[in-house]
Amino acid sequence: MTPDDALLEVRGLRAGYGASVVLDGLSFSMGVESVAVVGRNGMGKTTLCDTLVGFLPPSGGEVRLAGRRLDGLAPETIALAGIAYVPQGRRLFPSLTVDEHLAMLARRTRGRRWTPAAVYELFPRLAERRHHGGADLSGGEQQMLSVGRALLLNAPLVVMDEPSEGLAPTIVDVLVDAVHHLVAEGVAVLVVEQNLRAAVRMADRQLVMVSGRIEAEFTGDELLDRPELQHRYLGVGSTAPAGIATASNHTEGERA
Amino acid sequence: MTPALTDAERGFQRSRVTRLRRPPVWVATVVVVAVAAWVLFLADGAPAGAAVDDPGKFLVTVLDGVTFAGLLFVAASGFTLIFGLMRTVNMAHGSLFLLAAYVAIRVQEAMVGRSRNIDPADVGLLDWLVPLLAGAGVAAVLGLAIQQVFLQWNEGQEMRQTLLTLAITVVLADQMLREFGGLAQRVVWPGAVTHFFSIMGERYAVTRLVMLGIAVLVGVLLWLWLNRTSVGMVIRAGVDDRQMVRGLGINIRRVFALTFLVGSFLAGVGGVLGASFAGAAPGTDGSWLLNALVVVIIGGLGSLKGAAAGSLLYGTVVAFSPAYLPSQYSYYAIIMTFGLLALVLAVRPYGLFGRPA
């Protein structure tokens, strides 16, 4: 990937909380494709997402989307500039119904590819639940709504933080299909995953994050067949089945 | 189910409902039953007498409670709206209330062409409605100015915002005293509604019902705004998770400004209603800030439903205490308000419809 045709280019990105540095000069670039960022707990994956979308202001480095610098801008500006966010834990609005989650953003979507109707078409299960509260949904439905809500931005890039977290395998299948569907339509997807198997299925390129930097890159399912690499980069024991072992540990460590 | 899922879901629910605490629920139940029994059957020595003996007085007290609740709701709804979204306790809410009242009084005097001792018969419907809109409009604009000039750049700094608005309260109180004097004044109801009707042998003022009607209208409009428009949905979403709303490309500052405008307008409507009902004087600002605080603490900060429920409970207690406490204790009626607060907070620490911030 040369910088010229990169959709997203991140160079030397630094960020942290107070005195603790979490992102330590992180660089990568991606085009219209799906890319996964994998790594052990506490390596800064969620911080990377939060920094990309402007929830956390970076202390250094550059983020460019289609050449435009976005680092340091407000979250709403970054969202409108073209980075949609599907955050960890989904962060739906408990006071709103499924329909209202989409309706509150509907005005901007007129005449665009992704409208509330298109989201319901992509996830028919949401349509059945349209008058349910955001809190009354199953984990999988919550995730679909979180993805659908992000799609309404009609952004060229969607960042997903731990989309498969805590979901049943059949729901993960739905998400994997959705990711491929998006890429086929020309939307780039950056997905951060603990679950290696899900990461490999969602993205052809996997970037391994260690201590706030991208340390290695793999393609295809190379990582799945190499227990020694998993052990080295992801802390997965060589005897543990790939992808399952890290699926259940999450948030606390990464936010702190 | 993996541990991750259960954790995530538990977190979601915790933010949604605050669980009832057991023992206080029993205490509250006993207190409520005891009070009901007292009011219905036992209150012989009270000014109003037991409800079964004098149903007319009881009905009037209920009406007093509900109509006063209407005024409380109008004053508190804007307050709770602003707090819910912005986490700002707008201490200047009472000042906006009083300023709107004074402005309305001046406008009404100009329209009727006389100051002091205006006869309701000379006051047409417009002579009341125009001052109402003028007063509320001034409150709305001043509220927006306060938000833009003082609060916007302190976003997220709740303590600073609270102290700033408190300081504004002090300044405004002095300036209003200088401009409008220290005497109690009132907005005069239009002659068309200053009648009495009789119900079960008691006379009752139509104006109180008008006040209730306006409160219901305000409540319905607010509900429609919050539930049927996309701006309203954004506001409700913002109460849940401000950052995520911004992450969806919504300019929350514009939403803040609009919310402050509407909230201050409602403070103004409350002020004009209050000045028509009970008059306006120095100190009214503080007491109505307190009223609004009590209502939203009972109902839960940030919830419209809570403001309605809190107003009804508070209004009921305010109306019933002087009428049904034994005569020699009537003086202590005000204490009952704090009893209500303690009871509600013991059962639901975040108020009836409140959620942890």
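Using the three backbone atoms N, Cα and C, a Cβ is placed for every residue, glycine included.
Keep in mind that TrEMBL annotations are predicted by a computer and have not been checked by a curator.
Not measured: the values here are computed from a predicted model.
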Can you check which of B:162-187, B:292-317 TrEMBL lists as transmembrane segment? B:292-317
Checking distant contacts: for the transmembrane segment (B:128-151), what same-chain residues at least six beyond its ends satisfy Cβ-Cβ under 8 A? 86, 88, 90, 92, 96-97, 99-105, 107-108, 111, 161, 164-165, 168, 187-190, 256-257, 260-269, 271-273, 276
Which listed stretch (B:58-83, B:204-226, B:255-280) has the most C-beta pairs under 8 A with the transmembrane segment (B:292-317)? B:58-83
Is the transmembrane segment (B:255-280) packed against any residues at least 6 beyond its ends, judged by a Cβ distance under 8 Å, and which are they? 71, 74-79, 81-82, 85-86, 90, 93-94, 96-102, 104-105, 128, 131-132, 135-144, 146-148, 151-152, 155, 184-189, 207-208, 211, 214-215, 218, 222, 225, 231, 234-235, 238, 245, 288
May I ask which of the stretches B:24-43, B:58-83, B:329-347 has the most CB pairs under 8 A with the transmembrane segment (B:204-226)? B:58-83
For the transmembrane segment (B:24-43), give me same-chain residues lying six or more residues beyond its boundaries with a C-beta closer than 8 angstroms to one of its C-beta atoms, as numbers and ranges. 49-52, 58, 320, 324, 326, 343, 346-347
